[in-house]
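Chemist: Handing you a structure now.
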Amino acid sequence: MPSSAPTPLPLATLAQELTRFRATRPLVHVLTNEVVQEITANVLLAAGAAPAMIVAQEEVPAFAAIAGAVLINVGTLHSVRLAAMEQAVNAANAAGVPWTLDPVAVGALKYRTDFCRELIRQKPAAIRGNASEIMALAGAGMGGRGVDSTSGSDAALDAARFLAHETGAIVAVTGETDYITDGKTTLATPWGHPIMTQVVGTGCALSALVAAFTAGARNRLDAVASACAMAGMAGQHAQKHSQGPGSFKAAFLDALYHIQPDNLAEISA
Amino acid sequence: MPSSAPTPLPLATLAQELTRFRATRPLVHVLTNEVVQEITANVLLAAGAAPAMIVAQEEVPAFAAIAGAVLINVGTLHSVRLAAMEQAVNAANAAGVPWTLDPVAVGALKYRTDFCRELIRQKPAAIRGNASEIMALAGAGMGGRGVDSTSGSDAALDAARFLAHETGAIVAVTGETDYITDGKTTLATPWGHPIMTQVVGTGCALSALVAAFTAGARNRLDAVASACAMAGMAGQHAQKHSQGPGSFKAAFLDALYHIQPDNLAEISA
Amino acid sequence: MPSSAPTPLPLATLAQELTRFRATRPLVHVLTNEVVQEITANVLLAAGAAPAMIVAQEEVPAFAAIAGAVLINVGTLHSVRLAAMEQAVNAANAAGVPWTLDPVAVGALKYRTDFCRELIRQKPAAIRGNASEIMALAGAGMGGRGVDSTSGSDAALDAARFLAHETGAIVAVTGETDYITDGKTTLATPWGHPIMTQVVGTGCALSALVAAFTAGARNRLDAVASACAMAGMAGQHAQKHSQGPGSFKAAFLDALYHIQPDNLAEISA
């Protein structure tokens with residue numbers, strides 16, 4: 001599994017992906033946790049996608065099949081929602097709709113860890129998590145390679161490459177720097193600000209944006225990296241124009257709404 | 001079914017209705033979707049009503065019977081919530097409490113479409129939706145009249161009049177201009193701004209406000225139109241005082257809070 | 001049951017408690033209602049705690065046992081969540097983790113009233129409610145003492161002392177002035193602003209903050225009073241820097257984030 005060192009996502013690639021994304025206004029079928037439904041919908045709307053939270057077993061299969069992309073987020077997983085998620089993944093796969101997994105808190109809790117490990121056998125298009133989630137999801141497979149014993153982001157990058165290789169997904173491990181990998185090539189995006197971790201749902205909403213960018217993507221690695229870059233840039237810009245986590249959230253949505261292919265240099269400055 | 005052309009809602013009527021609404025501070029029993037619960041509660045509070053989200057089968061019937069109005073929104077309908085909604089509608093009708101339906105995404109999905117078509121036989125006081133939802137809800141009844149083949153808002157207005165006539169409800173079809181009809185008389189309110197479609201829950205919360213205005217109303221047509229006008233004015237005002245969808249939401253709630261019978265001309269300017 | 005008159009919480013005590021709280025960054029297992037999940041998480045994050053909403057029966061017992069504190073809020077109680085709450089309380093008690101109850105709307109609705117009266121036999125660390133909730137929760141036990149016949153906050157204070165004595169919990173009854181009592185000693189905190197009642201979840205989120213402050217507390221009375229004081233000060237400060245309930249919410253979160261032991265006099269001025 002040879003892999004090259006991370007390289008920065010070029011702004012020109014982001015501009016292309018953003019142009020494509022805005023032109024298609026993808027419909028995203030969101031199955032997420034109870035806490036972040038509103039911010040997830042608002043991030044998708046502000047960025048330029050169309051969210052739809054459809055949860056009933058009577059509706060999920062038909063809707064997942066016509067969506068541009070599907071998001072599965074296990075933050076407040078319970079048995080009824082789990083069954084709907086399985087339906088959505090099956091319907092998405094049957095219809096060729098890409099689906100993205102956000103493995104919230106996997107590793108710490110066996111129920112969701114078992115479920116996510118089963119899910120990643122179902123050909124996710126993308127997986128987005130923080131370092132500990134990505135390491136935990138990869139952990140069993142990596143076995144004696146000792147993920148937990150090595151340090152921070154390097155260990156997570158190894159785990160991300162392993163996961164991408166095993167599942168065929170683009171894996172994004174986000175933190176101070178975001179790494180996005182297909183197992184061979186790894187892109188890095190440096191934007192963002194630590195205040196984002198003090199606002200619930202910024203990570204979960206990023207996963208929804210990742211899903212949105214996979215809709216109709218020709219190059220999924222570029223698409224997922226562009227979603228991470230867009231959110232990171234908007235966050236960095238918003239932090240400069242706010243006074244704390246409350247005003248940050250409004251400024252973040254405003255920035256997502258105003259980012260354009262021709263103002264990336266300005267927003268990310 | 002003769003009907004006259006739409007006429008503008010007079011500001012004097014809005015002022016009267018707003019005075020009545022603020023004086024009664026209606027208690028609204030809200031059964032809505034997972035995504036918009038917080039913004040719905042905050043819109044009702046800012047406008048001057050008292051929201052209560054009560055969902056358990058052990059509590060719904062007793063509470064619906066003592067509420068000033070009930071809202072049913074099917075955005076994330078599932079079987080457990082559907083049963084609670086049936087309880088609420090039955091209890092509201094038995095107690096003479098007006099209830100309002102928001103038929104989110106009806107037409108696209110059979111499960112909720114069937115449910116809403118059954119519900120509208122239970123004497124709703126009001127129905128609030130966008131053009132496609134109102135046309136879809138009216139569609140089966142209108143049969144060969146060919147709603148879908150005619151264009152945009154005119155077709156929706158015909159469908160709204162038909163629905164109002166068939167159900168006895170005041171029907172509000174909202175968009176660039178809002179039309180509110182009892183099947184014979186139609187009022188129009190021109191306020192609002194397209195940015196509202198980029199903030200999740202503005203439409204759902206408007207339906208809750210419609211429900212709130214039906215509580216104790218002597219003239220339901222004026223009451224429903226006034227709710228639409230109040231939200232539209234607040235939205236138009238907020239757009240001028242914000243920089244995007246994030247700051248819009250805060251400004252919208254602030255505007256709803258500050259609208260008074262004596263500053264309508266200023267707010268709507 | 002002799003008890004002394006309420007005394008103000010000293011700022012020096014608040015400073016000590018805030019220092020302790022920020023140093024430990026407690027993990028709070030939150031089982032709350034559908035409406036306020038996002039604001040509850042954001043209040044905890046802004047104040048300096050780590051929220052986790054874990055709801056599945058497969059995960060609740062294990063997680064409650066490792067949390068720093070547990071919150072139970074019955075705002076949208078239903079049978080599935082009720083069972084999870086019972087699991088959480090049992091696991092918390094077995095592990096020595098303090099748990100806090102927010103008895104939303106108890107008194108008005110029998111189902112939740114019965115449940116909360118059963119729960120308070122399970123040794124809550126704290127109970128936080130408004131005057132009518134605290135009086136209703138104490139009501140049955142106080143029997144012929146006629147809580148409902150006496151007036152407002154004095155009656156609630158008597159009920160709070162009674163509840164504290166009966167359950168062993170610190171009881172906070174919040175309103176224009178907050179009273180926090182262990183049944184013998186009562187502290188008072190005067191901060192806050194009525195606009196907080198026009199923003200959904202400020203009370204529910206305060207209960208989560210109360211839970212967070214009980215984690216690892218040496219003096220639970222000081223801890224609970226400090227949570228009330230912190231939220232009240234932030235609210236009072238935010239009201240001065242906002243234009244209505246929408247902008248208030250952002251300013252409130254910003255203020256919670258910026259409160260420090262060394263700027264309490266300034267924030268509360």
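Glycine is treated like the rest: Cβ placed from N, Cα and C.
Heads up, here are the entries from TrEMBL:
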type    : residues           : note
BINDING : B:Met53, B:Gly201  : substrate binding site
BINDING : B:Arg128, B:Thr174 : ATP binding site
Chemist: Which ones, out of the binding-site residues B:Met53, B:Arg128, B:Thr174, B:Gly201, lie near enough to chain A that their C-beta is under 8 angstroms from one of its C-beta atoms?
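Modeler: From B:Met53, B:Arg128, B:Thr174, B:Gly201, the ones near chain A are B:Gly201.
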Chemist: Pop the Cα-Cα gap between B:Arg128 (ATP binding site) and B:Gly201 (substrate binding site) into the table, whole Å please.
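Modeler: With distance taken Cα to Cα, B:Arg128 (ATP binding site) is 13 Å from B:Gly201 (substrate binding site).
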Chemist: About how far apart, in whole Å, are the alpha carbons (Cα) of B:Thr174 (ATP binding site) and B:Met53 (substrate binding site)?
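Modeler: One finds 24 Å between the Cα atoms of these residues.
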Chemist: Highest Cβ count within 10 Å among the binding-site residues B:Met53, B:Arg128, B:Thr174, B:Gly201: which residue is it?
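Modeler: Selected residue: B:Arg128.
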Chemist: Could you state the CA-to-CA distance between B:Arg128 (ATP binding site) and B:Met53 (substrate binding site) to the nearest Å?
Modeler: 19
Chemist: Would you kindly determine which binding-site residues in the set B:Met53, B:Arg128, B:Gly201 have their Cβ under 8 angstroms from any Cβ of chain C, listing them in sequence order or replying 'none'?
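Modeler: Near chain C: B:Met53.
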Chemist: If H, G and I count as helix, E and B as strand, and all else as coil, what does DSSP give for B:Arg128 (ATP binding site)?
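Modeler: Looking at the DSSP assignment, B:Arg128 (ATP binding site) belongs to a strand.
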